[in-house]
Amino acid sequence: MVKMADQWQECMEFAVQVARKAGAVICAALKEEVSIMVKSSPADLVTATDQKVEEMIISSIKEKYPTHSFIGEESVAAGQGSTLTDNATWIIDPIDGTTNFVHRFPFVAVSIGFAVNKQVEFGVVYSCVEDKMYTGRKGKGAYCNGQKLQVSGQKDITKSMIVTELGSNRDPEVIKIVLSNMERLLCIPIHGIRAVGTAAVNMCLVATGGADAYYEMGIHCWDMAAAAVIVTEAGGVVLDTNGVCYMHLKWKCTCRSSPCLEDLMIQYDLKHNKDFTEDFIFLCRRRF
């Protein structure tokens, strides 16, 4: 009889295969004309490739694991349910960084998270243009192309590099909040702020130690489920506003980190938009 833990390892290995296959489709599509559609705002885009890749991922997994459940970005956008149950559930963002994809900006990722009993067991993030395969499995560590990952452990916020995004919401009040947060950070001062254009890759950069922290307003579970376990397995932390573990379908999250970074939200008063159903802000550190 196959042990459950071994079963999840098999699932993760299959997820890596599926992510590579999806990445090949994305890279091929980058060479052709892209069909663009608009979702919630002119800056919130979806393409036929997003839909094609999600269908391919789900059909491949369903064929092998017919009893498993799915939460996919494009499926939810099309009106399908997104209830997270105790059943084995795959949480999928077929193209994290759709706007990058549309503009051929070379940071595009396939994100596949896997949860059981509402807890993420593993995550796979494939930055396909870079050909970087990030994986993390609960209790087993985090890796990029086979190399073990470790967060920076930076304690001094004035020496930190922070990643964030402007987001797709173009409401003037939301933009004011986003820019105000950046102003507060830059005036601390910190070393810098970067934006890659994909939440999953941003988080993986924290896992590598290349960035010290990440926060973003309006993030969804498919954006961060896979990358969150990669960050935690690299020694980082991901908490919501109540200090609770990150794995919820909807977040209003803040961050707790090392002693210096831990005070960021309080001391520098970063804001989130209370109208969002999903807000996410997080920093990470080495566990001490």
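Cβ atoms here come from the backbone N, Cα and C positions, even for glycine.
TrEMBL does not curate its annotations; it predicts them automatically.
Taking the Cβ of D223 (Mg(2+) 1 binding site) as centre and 10 Å as the limit, one finds 26 other Cβ atoms among all the protein chains shown. Taken from TrEMBL, the feature Mg(2+) 1 binding site covers E73, I95, D96, D223.
Listed in sequence order, G72, E73, A109, V110, S111, A200, W222, D223, A226 are the same-chain residues six or more apart from D93 (Mg(2+) 2 binding site) with CB atoms under 8 A from its CB. TrEMBL lists D93 with the feature Mg(2+) 2 binding site.
Neighbour density around each Cβ, counted as other Cβ atoms within 10 Å, peaks among the binding-site residues E73, D96 at D96. Excluding the listed site residues E73, I95, D96, D223, the same chain places D50, D93, P94, G97, T98, A109, S111, T198, A199, A200, W222 with Cβ atoms within 8 Å of the centre of the Mg(2+) 1 site Cβ atoms.
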